[in-house]
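S.K.: Pasting a structure here, questions to come.
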């Protein structure tokens, strides 16, 4: 692999600190193309859920279950139509002469042809030399160093990136506008009919996997948008931690809603509408308080009305995600990316505390108003298991942000620092006597923002300018010594 080095003078980093001169960028000529595993996984889940839903609808038709049949068809057709529109919109096929592709979209098989196109581009790439179309400049975080690098983006890699972005959007739509209500419906039908149908059980397992994958996509997209200047790569341990976190969070949340709906069927509509309206209007209220203006980069050909409609649909999807799990992003309708790049730990803590209290109330109300069907079920044990399961989801979420987040060393404050501040605040409230020499937090290295290259090269002999009091200089020396260790 040919590698070139060229000198640069000034590159702005995320915290606004420029790199000094005489630093080098590695020019990578031929970076291997990433395989479209996510596109294939989503296509398989889409086909499996669609076919399983079709067979289940035939079963409902034979048994004359009109209610289950109607809702199952709605939760299958609505996300499928939105997926076809999304893929057509992203690839701009309406202005191109592609009748066969549009015909497959009408048959709700758009993800299949898009997956074959992505695989064709991937296997065809590298057989002949391609001129690059642009250069991607990223900062690689590796072994405590920040290395600026440049990658030449070829035409094939650009096409694969377009397919990857389109499939990520469709995965989120399928997960939270189709799979989530479908799983809730089938679990409710199973409890009401008092037996487990194998075909229905298979559909519930597929939908749970689809929801978990959509939640993982939300996490990865949030990280990539917030740290757009950095080369983000998640390790297998990070994926495993996120999977456990999301599975426990989604499963316990849906179970609590379904149990509550079996005891108080009409009140669950009120609970769902309050959640939906709150998260739908929250970004718009913040937008109105900030007195911002609508972003003009949603689509060049859109008018103000069209932009408002698109933002409304985007906000609806955001609200549907937050009903069942943490969306991992906060909307900012005045920003170009529509997502706020600042990590708000207070909002994260408020969401999980409020959701835990809501789940506790739903489970408690179910316990007092449950039907006779649950007399052979240990209801107190089930309530405790659901609460413990949601608590474990929160625990794995904390572990991810503290230890497995790919950009955790760029945090100004992390989970350990927030907990440490809370403990210190409680300690000060009890007594005003504070020890002079407090042991430094082991997470100090994670709270350091980017260092300049000169400081990276001299970590073994740290120097601190005498621009602060003596106590501040000694504290900085301890932080740098721990970072060098």
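Each residue's number is its place along the chain shown, starting with 1.
Note: Cβ is positioned from N, Cα and C throughout, glycine not excepted.
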S.K.: Of 229-247, 248-266, 267-285, which span is tagged transmembrane segment by TrEMBL?
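M.R.: It is 267-285 that TrEMBL describes as transmembrane segment.
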S.K.: For the record in TrEMBL, which of the ranges 176-200, 201-225, 426-450 is the transmembrane segment one?
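M.R.: Of the candidate stretches, TrEMBL labels 201-225 as transmembrane segment.
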S.K.: Are there residues at least six beyond either end of the transmembrane segment (267-285) with Cβ under 8 Å to its Cβ atoms? List them, or say none.
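M.R.: Non-local partners: 257, 260-261, 315-316, 318-320, 322-323, 330-333, 358, 362.
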S.K.: Are the transmembrane segment (349-369) and the transmembrane segment (102-123) near each other by the rule of at least 3 C-beta pairs under 8 angstroms (pairs 6 or more apart)?
M.R.: no
